[in-house]
Amino acid sequence: MTIAVGRVTKEENDLFPLIDDWLRRDRFVFVGWSGLLLFPCAYFALGGWFTGTTFVTSWYTHGLASSYLEGCNFLTAAVSTPANSLAHSLLLLWGPEAQGDFTRWSQLGGLWTFLALHGAFALIGFMLRQFELARPVQLRPYNAISFSGPIAVFLSVFLIYPLGQSGWFFSPSFGVAAIFRFILFFQGFHNWTLKPFHMMGVAGVLGAVLLCAIHGATVENTLFEDGDGANTFRAFNPTQAEETYSMVTANRFWSQIFGVAFSNKRWLHFFMLFVPVTGLWMSAIGVVGLALNLRAYDFVSQEIRAAEDPEFETFYTKNILLNEGIRAWMAAQDQPHENLIFPEEVLPRGNAL
C-alpha cells in the first residue's frame, strides 16, 4: 500500500477561497464575512424606520398618529409596536395575520418586529465586524467585547422584556417621544429608578462620562510642545512618532488633586472600558429582571406611616404615589383595549395636596 504525504492542492476554481478573498481584501470600506450579516440587516432596519416614520400610522395599534404624513415631526414620529392582541407573533409579511398584504402588514405593526429583529442582527454583525478586523490589523478584541454592552441593552429592552410580558405591545416603539413615554412607563409600572441594577447602570454611564472628560482634558493639558503655533491645533505635529503627552506630569497633577492617581496607562484605559460596559450590562440585567416582574426596593414601613399620619411624607412615599398616578393615567390612555375608566376620587393624591 502506498501512502502519499503532502498538501492537497486546491482546485483553481474552488469557490470558497475566491469568496473569502473578495470579502476580506483591503478596500476603502471593509466588507468581510460579518458584512454579509451587517450590511443587509442595517439597510433593512434603517429603511424600515424611515418608511414607517414617513408613511405608516399607529391608529390601528395604539390609536395614535405616528408618521410625518399625519403631521408628526422628527421627535414625535415613531414605528410603533404591534397591538397587544397580537402577543408575540413575529408578524411575518407572509404570515397568517397579513397574508402577504403589505398595507395590512404595516397597519398591524409588522414594521416594528421587522426593525427589532433586523436591528438586533445588525448590531451583532457590527460586533462581529470588529472581531473580524481586529486580527488582520493585529489588535486585541476589546472593541468588540465592549460593544457587547449596547447589544445587551438593546436585546434586553426590545426583545427580552416584551417576551416576559404579554406581547411586543409593551416594548418601546422606535421614536424619540416614544422612548420617553416608555421610560415613564418603566418608572410607573416597575419603579425602575429604585432598582439596584438601574443605579449601577447610572453610576457606570455617568462615571464613564466623568472619566472621559477628565482623560481628554488631562491628555490635552500635558501634550508635548513640538511647534510654535499659537493654539493647540497648530502647535503639534500629528505625525510625530514618539509619545505626545506626559503620563508623569498627569500623575503628579492628579496625585496632588485627589491624593491618588493612575500610574499605569493600561490600567487607566482598561478602567475607562470597564466602567461604562459594566454599567450597560447591569442595566441590561435589570431589564431582564423587569421582564420577570421582579420588584424594586420596598420601604413598607414608610408607606404604612404615611397612610396613617397626614403630616408624614418622604421622597419615597411621594414617588410611590407618583407611580400610582402614572399607572392610573397611562394605563387608561395607553391600553385602550382594556377599556379602563378611573373615577376622579380614586386617582392618587399626596398628603401635601
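A Cβ is built for glycine as well, from the same backbone N, Cα and C atoms used for every other residue.
For Thr2, the entry in Swiss-Prot reads N-acetylthreonine.
The annotation phosphothreonine is assigned in Swiss-Prot to Thr2.
Look at Swiss-Prot and you will find 41-61 (among others) tagged as transmembrane segment.
The chlorophyll a ChlzD2 binding site annotation in Swiss-Prot covers His118, and the record cites sequence analysis as its basis. Annotation note: His118 (chlorophyll a ChlzD2 binding site) sits in a helical segment as assigned by DSSP. The C-beta environment of His118 (chlorophyll a ChlzD2 binding site), restricted to residues of the same chain at least 6 apart in sequence and closer than 8 Å, consists of Cys41, Ala42, Phe44, Ala45, Gly48.
Annotated transmembrane segment per Swiss-Prot: 125-141 (among others), in sequence order, evidence recorded as sequence analysis.
DSSP assigns Gln130 (pheophytin a binding site) to a helical segment in the three-state reduction. Taken from Swiss-Prot, the feature pheophytin a binding site applies to Gln130, Asn143, supported by sequence analysis.
Panel annotation: around the transmembrane segment (153-166), residues 81, 84, 87-88, 116, 119-120, 123, 172, 280, 283-285, 287-288, 290-293 of the same chain, lying at least six beyond its termini, place a Cβ under 8 Å from a Cβ of the stretch. Look at Swiss-Prot and you will find 153-166 (among others) tagged as transmembrane segment.
Within 10 Å of the C-beta of His198 (chlorophyll a PD2 binding site) there are 22 other C-beta atoms, taking all protein chains into account. The chlorophyll a PD2 binding site annotation in Swiss-Prot covers His198, and the record cites sequence analysis as its basis.
The transmembrane segment annotation in Swiss-Prot covers 208-228 (among others), and the record cites sequence analysis as its basis.
Counting only residues at least six positions away in the same chain, no Cβ atom sits under 8 Å from the Cβ of His269 (Fe cation binding site). Residues or ranges marked as Fe cation binding site in Swiss-Prot (evidence: sequence analysis): His215, His269.
Swiss-Prot lists His215, Phe262 with the feature plastoquinone binding site, giving sequence analysis as the kind of evidence. On its own chain, His215 (Fe cation binding site) has Leu268, Met272 as residues at least 6 apart in sequence with a Cβ closer than 8 Å to its own Cβ. DSSP gives His215 (Fe cation binding site) a helix state.
For 279-295 (among others), the entry in Swiss-Prot reads transmembrane segment.
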**Prompt:** Other than its close neighbours in sequence, what residues sit by the transmembrane segment (125-141), given a CB gap under 8 Å and a spacing of at least six beyond its ends?
**Reply:** 24, 30, 32-35, 37-39, 41-42, 147-148, 151
**Request:** To the nearest whole angstrom, state the Cα distance for the pair Phe262 (plastoquinone binding site) and His198 (chlorophyll a PD2 binding site).
**Result:** 28
**Item:** Pairwise CA distance, Asn143 (pheophytin a binding site) versus His198 (chlorophyll a PD2 binding site), rounded so that it is a whole Å
**Value:** 24
